[in-house]
Every structure is written in structure tokens, then in C-alpha cells.
Amino acid sequence: MLFNSVLYLLFFGLLYLLYWTIPASRRVTLLIMGSMLFYAVWGLTGEGWVGIRWTLHFLAAIGFSHFMNRAIYDATEQQTKKRLLSFTVVVLLINLAVFKYAAFFLGFLIDLGVPAEALPDAKGLFLPLAISFYTFQIIAFTVDVYRGTIKDRPTASSYFLFILFFPQLIAGPIMRSTDFLDQKPFLNSRRMYDGGWLIVGGLIKKVLLADPMGNYVAPVFGNPTAYTSWSILLAGMSFSLQVYCDFSGYTDMARGSALLLGYSIPENFKAPFFSLSARELWQRWHITLTTWLRDYIYIPLGGNRVSVVRNYFNQFLTFALGGLWHGADYTYIFWGGMWGILLAVERFVEQVLGIKTVPEKNVPMKLLKGLFMFVLFAIGALMFRSQPVMMGETLISSTRIMGQMLGGLFINWPDRLMDVYASTGADTSALSAVFGSQVFALSEIPQPDTIAGMFVALIFFHFVQYKPGFFERWRRFDPYLLPLAGAITGGFLLPALSQSGHQFIYFVF
């Protein structure tokens, strides 16, 4: 049940009307039941009635963790609390590892030389939707119970709603107990307008920007050797726009839906492509994941309280694990490790060499540094987006596609390819005579003018996040502007909406 589908509009509209009609004492129960239905629909539409196992598996994880949370809360000795915490976290991580990473780990053992016939078969396993997101949220809650952050004994209704709350269930934001439990839901005109603007903006990002951009870049990632270096770099930049508009658009619609139900959930993006350093970028991109990694991996590893070298290693390991969290593939680990190395290098340059990496007053230098950071993000996006591709009857691995993308940045120019071919000792003059001057002709990404227009829209949405107070002067016109924006947006979106819609990128994680 995608946010950008007619089915969700019908589901949410009915739930919204019923929610604000019934007595307040019954609203939590309604939200829990509605959230269970929301999740169950995914399994049922994906696998038929067999798909109910997704929901049963999810409810089992919630029930187990709730039982353990209460046991941790009730324990009187600190050592007992610690043992219960360790047991709970280990079980949850094993559950995640089995269902999401079993095939990857078995493939890794095969790569090391272990005979495939000596290993178990992981083909019978299914991948529960959003298992990475809800596992991290459950672990964070359990740790908060252990640390005493949660003052009251967790009740079943409050805990089940915290984990199941459907606006953020599939792809975050990854909430903490302090983000949600103490809220007293209410609805006023400001929240209604805020929620409406977020939903309209999220739909524009997803349907009018992310989905069309995906159509432009998909051929490049499907066969990178056929495209010029410039097209590969542009594909990385364009995918950066796509994943931002896709994920940020989802988050906006999640936050908007929550506000209309009386709840506020965390913001996940704050103009990340306006960042002037790697550190700032990760303070603005997927904020709830970054803070989770910091609080539950980086700081327990010692954070910056350890030696300089150990601190660099902690940064690298934290982001490599963050990459692995995204998916069971080497490319995600390389992507996360790249950012861990960049953050460590940035800290080394600033703290050891004493060189400032962020210009303070020089505006042209700030613009150049911002562009440099965006190009780095785009190069990382080439790694992140690389997926296995079928060419004829041959499966090209994701790591090979990644190598072709990164290598193509430097050699996919006709003259450069001629030089590479000549270095093998081949007769390039004969090759040119037979095939002509277009022997190494490469394709370009189509419609660069349309892509440029989408980047203008990206800058606008970033400005909205970067300077949220700028538009306050216009908020008094919300009763007129929001219906107008909704009508115009609906006119553009209705032809693109279907019962299924286009899936969000982060749903696979």
C-alpha cells in the first residue's frame, strides 16, 4: 500500500474520518489495528495468503521484545538487566541476519572456497518488509529501557503503537521512544496545513521528480560500458536527485500523515546537498539512521574518547556497518566504508594538519565546496545503485557493474578507449578503417534539459528545508494556497497514480 497510490488515499481517508469520530480512548486501538492491516496488505499482495507470514513474523518480534522489555524494566539487579538486554539484542540481530543476510553470508563462504553443497540452502527464506527499520527501532527502545530513559513500565498498547505506527513503519524515520511515547495527539488548523503541505510536497518529489528520473538513469546502470564518462557522472548525480526525492518524499508524506492523526515524527532530511563537509552531510541526510549509528554503535565503540587511530577505525566500522544495514551486498559495504574513510580523512585534515575543510566567509569557495561534496555523493551513488544485471543469459554481478561505473568515469571517452585498446598491441588503424570513426561511439543520457529542470526543483526543495522560516510570511494564505496547490498537483499526478504506484527505493531495506 504505497503512499503514492489510490489505495492508500482511500485507506487513509477512511481511517482519518473514523479516527477523529470515535472516542479518544479507542483511537490507539484503531491505529494499531489499522497499522496491522497496512502491513498485512503488503504480504497479501506480494505472496497471496502465504504473505500473512510477514505479519505473523513481525508480531512475533514485537511480542518477544515487549516481553523482554518488561523483564528488563522489572529486574532489580543491574547485572540481570545487562544479561537480558544482551540476550534480546542478540536474538533480534540473529533474526535480522537469518532473514536478510543468510544468502549473502553463504555466498561469501562460497567465495572463500567452501563447497556450495556443504552449505545449507537459503532459498526457502523470505525477506520481511522493513525488517531493517523495525529491528533498529526495537533495539533502540530496548536499550532505552535498560538505560532508564523510559520512566514508566512499557504497556502493550503504547509499545505496539510505537513500533507499528503505519506512517513510519516501512521506511522510517527510525523513531526513538522520546520521539513518540510522551506525545498527547492533537489536531489544530496549523497541523492540518503543515500535514497537507508535506503530503503535497512529498507527492511532487516522488511522482514528478524521482520516478521520471529513475527512467533516465536506469539504462546507464544497466550497461555502463555503453555510456560516456560524462553520462556516468550525470547518472550518479541524477540518481542522487532520485534517491533524495524518493526517500525525502516518502518521509514528507509519512510526517504529513502522522500530523493529520495528531502525532509529530522526526524530520529525516535537512537540505543535505547544501552541505560543505562530509560530517555536515551526514547530519542532514537520513538523520535518524545517522544518530542511531552514532548512539548505538559509534559511541559504545569508544567514539572520540579513544586514541586517534582507534577513532578513525570506529568511524570506518560504523559506516561500513551502516552500509551493510542497507543491503546484503558488497557494494553497500564499499559505499558505507567510503564514507567512513572520507569522514576519518576530514577529521585528520582538521585536527592533525590544522587545515579548515569548510570555508567560513568566501562565498565562491563555499559554492565550490558544496559542488565538490555533491560530486562525492554522486560517486558514492554509483556504488550504491549498482545492482546485478542480466545480459543475455549471463548475470553480471553488482560488484562488476560498480567497477564498470567507477572505471567508466575515467576511461569512457572515445579517444581514451582507443588508447586503452592500442595499449593491448592491437592495430587501431585497421580497426578504424573497418568500423569508421564511430568505433568507440558511446551513448549519452537523453533529455539533459529536462534533467536540468529537475535539478532546479531539487534546489527549491532544498531551500525550503534549509530556510524553513522563509515562507512563514505566506502561511496566512494557507486556506487559499494549499487547496490550489493540491488541485494543481492532483491534476498532474492523477494520470501517474495507480492502485500500485511506483515502489519507494528504501522499501527494499
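The backbone N, Cα and C atoms fix where each Cβ goes, glycine too.
Annotation comment: TrEMBL describes 6-22 (among others) as transmembrane segment.
Residues or ranges marked as transmembrane segment in TrEMBL: 29-45 (among others).
For 51-72 (among others), the entry in TrEMBL reads transmembrane segment. Residues of the same chain lying 6 or more positions beyond the ends of the transmembrane segment (51-72) and with a Cβ under 8 Å from any Cβ of it are 36, 39-40, 42-45, 81, 84-85, 87-88, 91-92, 95, 99, 126, 128-129, 134-135, 138, 141-142, 145-146, 153-154, 156, 159-160, 163-164.
According to TrEMBL, the feature transmembrane segment maps to 84-110 (among others). Among residues of the same chain six or more beyond the transmembrane segment (84-110), those with a C-beta under 8 A of the stretch's C-beta atoms are 57, 61, 64-65, 68-69, 71-72, 75, 116, 119-120, 122-123, 125-128, 131-132, 135, 138-139, 142-143, 146, 324, 328-329.
Feature annotation from TrEMBL assigns transmembrane segment to 125-146 (among others). Here the transmembrane segment (125-146) has long-range neighbours at 39, 42-43, 46-47, 53-54, 57-58, 61-62, 65, 68-69, 72-73, 81-82, 84-85, 88-89, 92-93, 95-96, 98-100, 102-103, 154, 159, 162-163, 169-172, 174-178, 289, 292, 295-296, 325-326, 507, 509, meaning same-chain residues at least 6 beyond its ends whose C-beta is under 8 angstroms from one of its own.
Marked as transmembrane segment by TrEMBL: 158-175 (among others).
Non-local neighbours of the transmembrane segment (227-245) in the same chain are 205-206, 209-210, 213-214, 216-217, 219-221, 269, 272-273, 374-375, 377-379, 381-382, 384-385, 405, 408-413, 442-445, 448, 451, 454-455, 458, 461, 505; each lies 6+ residues outside the stretch with a CB under 8 Å from one of its CB atoms. Annotation source TrEMBL lists transmembrane segment at 227-245 (among others).
Under the heading transmembrane segment, TrEMBL lists 367-384 (among others).
Same-chain residues lying 6 or more positions outside the transmembrane segment (450-468) and placing a CB less than 8 Å from one of its CB atoms are 201, 204-205, 208-209, 212-213, 216, 234, 237-238, 241, 244-245, 248, 269-274. The transmembrane segment annotation in TrEMBL covers 450-468 (among others).
What TrEMBL records for 480-498 (among others) is transmembrane segment.
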